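Engineer: First, the structure itself, so that you have it in front of you.
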């Protein structure tokens, strides 16, 4: 089987799956954001709002990018506009990196919440996210996006995904950046796991949402590290780019990751919707003190209204 034929078949299978996953993520995270905006008493933390907003943006970019690949797909002779691949695929790849950083910021927010439940420290994860996003986005733009810009439509007319526009070395920059975000999430996940025993000091809503945050970190870490490490290993051993055979696999993996996280967040906030009334999800405020005392009294015999 020729390489182009194999890539075409894989792309045909991957695109519908990723589009469905992205649609699911879009509706779940959009619903979460609207629910937070409509409520006068329940607000998600700033880190969670940033994470959910980025997931919505990534989902939209993924749908646009993969719809284009699907609509113009042909078994034998598929010709895509390289400039369309560049702008849609490049933007989507950039936001994938930033969304992984948002998960790291969310983990830092949860670590601070567990360690210092009565202090307002939301500025720390926010500034960490902004600095890391600026640094990694700058690296991605200067070392990958600018060099792969197609000089003309003829030289890259055979490309069937964004990764095909660049060389193996340029695509390696993306793999390294995604591996770095996965490594950062790994470290934050370890710290949050160590501190997780302190979750028993706050109410059940915070415990469940923090468990979901930890699960999100693990899922993102796995989906960030494994595919990109595989790409680097394949390149080092066989000197070929995995994207030439597997199609836009990084985009597809990112869409599946987002859908899995959306599923767990949907279950968490649906289960805890009865505890949202009169409760602020952003607990780095003095409003968190009553929640802690409520749980402490529960251990002494008082019933917590949000316990399951």
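From the backbone N, Cα and C atoms, a Cβ is placed for every residue, glycine too.
Note: TrEMBL annotation is automatic and uncurated.
I grabbed these lines from TrEMBL:
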- 6-29: transmembrane segment (TRANSMEM)
- 50-71: transmembrane segment (TRANSMEM)
- 83-108: transmembrane segment (TRANSMEM)
- 120-141: transmembrane segment (TRANSMEM)
- 175-196: transmembrane segment (TRANSMEM)
- 217-238: transmembrane segment (TRANSMEM)
- 244-265: transmembrane segment (TRANSMEM)
Engineer: Where, among 50-71, 120-141, 175-196, do we find the most CB pairs under 8 A to the transmembrane segment (6-29)?
Structural biologist: 50-71
Engineer: Same-chain Cβ contacts of the transmembrane segment (175-196) under 8 Å, 6 or more residues past its ends?
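Structural biologist: Non-local partners: 96-97, 100-101, 103-104, 107-108, 110-111, 114-115, 132, 136, 139-140, 210-211, 213-214, 217-218, 220-222, 224-225, 227-229, 231-232, 250.
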Engineer: For the transmembrane segment (244-265), could you work out the same-chain residues 6 or more beyond its ends whose Cβ comes under 8 Å from its Cβ atoms?
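Structural biologist: Distant Cβ neighbours of the transmembrane segment (244-265) are 3, 6-7, 10-11, 14-15, 17-19, 21-22, 24-25, 28-29, 32, 52, 55, 58-59, 62, 65-66, 69, 89, 92-93, 96, 99, 160-164, 174, 178, 212, 215-216, 219-220, 223, 227-228, 231.
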